[in-house]
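J.: Supplied in structure tokens, the structure appears directly below.
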Amino acid sequence: MSAVPGLQLGPEHVEEDVKTSTHELAAETEWRFEVPFSSNIEIKLIRGTAEIFGTEIPIGHAYSFSGYKGAIWTWYGCTIEVKGIPSVDYTSEETPMGTYTNAHFALQRLRGQAQEQNSSGPRVLIVGPDDAGKTTLIKMLTSYGQRLGERVTVVNMNPKEGLLSLPGTLTAATFSTILDVEDGWGSSPTTGPSGVPVKVPLVYYLGLEHPEQNTKLYKKIVSRMALAVNSRLSESDQCKSSGCIIDTPGSISTTAPYELIQHIVAEFSVNVIISLGSERLYSDLVKKFETERSKSSTAEKITVIKLAKSGGVVDRDANYMKEVRHDQVKRYFYGEPKRPLSPYTMTVDFDQLQIYKLPEQDNLNLSFMPVGYEGDLNKPILEKQAITPLLTNAVAAILHARLNDSVEDMVISTVMGFVYILEVDEKKKKVKLLAPIMGRLPARPMVTSSFPEVILNT
Ligand SMILES: Nc1ncnc2c1ncn2[C@@H]1O[C@H](COP(=O)(O)OP(=O)(O)OP(=O)(O)O)[C@@H](O)[C@H]1O
């Protein structure tokens, strides 16, 4: 078939016959599904009520999923229509939704008390192994809170995956409007017009996959983030009483003495810890935080709760996580299928750029690191990066810091945005950059790293 004249629509745009199936879900069951990045399915609620990780979905709206593992949950029963074929799909009657909702109501009680006493609401830390369902639980608790009018601040301390930002960053954002279920959390201002209100995250750059690659740097950013979040919470009574929920990487929960957990608890004045999917961790944390603190008459009490891992949570291997990160970076520059962006290419001179990198050792594989590695203490926390073709395909964070700030100040500066290095021409001393929006390159320092490892086919 030839292209449609004038519209540049080729045969690939002609709709294929897509298989449509209907699923009847009984009350308190969930339909779990997986879709690889190479395909796409559309889900529509036809009858009843249903939600995706706490966010209610309306009848008749088609949600599109690609590269997604998730579930549709219903409290009272529903019918869904699915266009396309998921790689995995089944219905489950056994879910921990009852206990997850109890956790939500317990947090609501604390928020109610905080409102009455004009004090701080719960500061909740979620810990547990990799792929325990921590992020999913946070989405659920945030959505349930938001549906009751709370303004919950979510803090992502897991650099493996970005929250409203790119992988390798640590972020915080207050959620007062609905989460975008297709996109996970929603979109930030750089992602263009959106049906769901955009969220403005506070972003810090770590540039590493695991905090253990440089605990000194990670701790510094945790402390800076805690300061920023605490001051943001104190600016609004509602944010203050709604409190915050902190997501963490599984690696910090694996071995005692849980140094990084202790650091986060201290900096954010955490008063509720939810241990997800690990009895051993729960028991260690009870001893460490509940029992120890109960001996002190002045320290605020910490409640440690254990919750079971959902049978639906899927293990994601290294290759899948690579695809997730590639997708996050691609969406940042090119937008989403429904809301594409036209990224902007600019060419700048070498001397317009001041690029830094983490000291070389810190980019090494985690398995080479001794436990509690603090970075090379003799090296500065950031080093000047020479502009060479080796920078091609690197993602660089543009900081809010000024060019003449010290590197110590730069690492605790927030991120303005990101550019992708397309080409370095050593002869002409020019660098070609990709930016998500049009504009002049700000005269600010940039930091780059080998993580996330993404090659965009531009
Ligand atoms: N009930 C469920 N049914 C189907 N898939 C689910 C369910 N709960 C979670 N998942 C999926 O399982 C995967 C892992 O969950 P999640 O990201 O919440 O784990 P995590 O503990 O935060 O992982 P990590 O610490 O490694 O980032 C995600 O792709 C998520 O969408």
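Note that Cβ sites are derived from N, Cα and C of the backbone, with glycine treated the same way.
Keep in mind that this is a model prediction, so the values were computed, not measured.
TrEMBL feature annotations, pasted as is:
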type	residues	note
DOMAIN	24-114	domain 'Clp1 N-terminal'
BINDING	Glu30, Lys69, Asp131, Ala132, Gly133, Lys134, Thr135, Thr136	ATP binding site
DOMAIN	128-335	domain 'Clp1 P-loop'
DOMAIN	341-451	domain 'Clp1 C-terminal'
J.: Any idea which of the binding-site residues Glu30, Asp131 has the thinnest Cβ neighbourhood at 10 Å?
T.: Asp131
J.: Among the binding-site residues listed here (Lys69, Lys134), identify the one with the smallest other-Cβ count within 10 Å.
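T.: Lowest Cβ count within 10 Å among the binding-site residues (Lys69, Lys134) is Lys69.
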J.: Could you break down the residues of the domain 'Clp1 C-terminal' (341-451) into DSSP helix, strand and coil, giving a count for each?
T.: 18 helix, 37 strand, 56 coil
J.: Under 8 Å between C-beta atoms and at least six apart in sequence, can you list the same-chain neighbours of Gly133 (ATP binding site), or say none if there are none?
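T.: Looking at Cβ-Cβ distances below 8 Å from Gly133 (ATP binding site), excluding near sequence neighbours, one finds Leu276, Gly277, Lys309, Ser310, Gly312, Val313.
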J.: Have a look around Thr136 (ATP binding site) and count the other CB atoms within 10 A of its CB, chains all included.
T.: 21
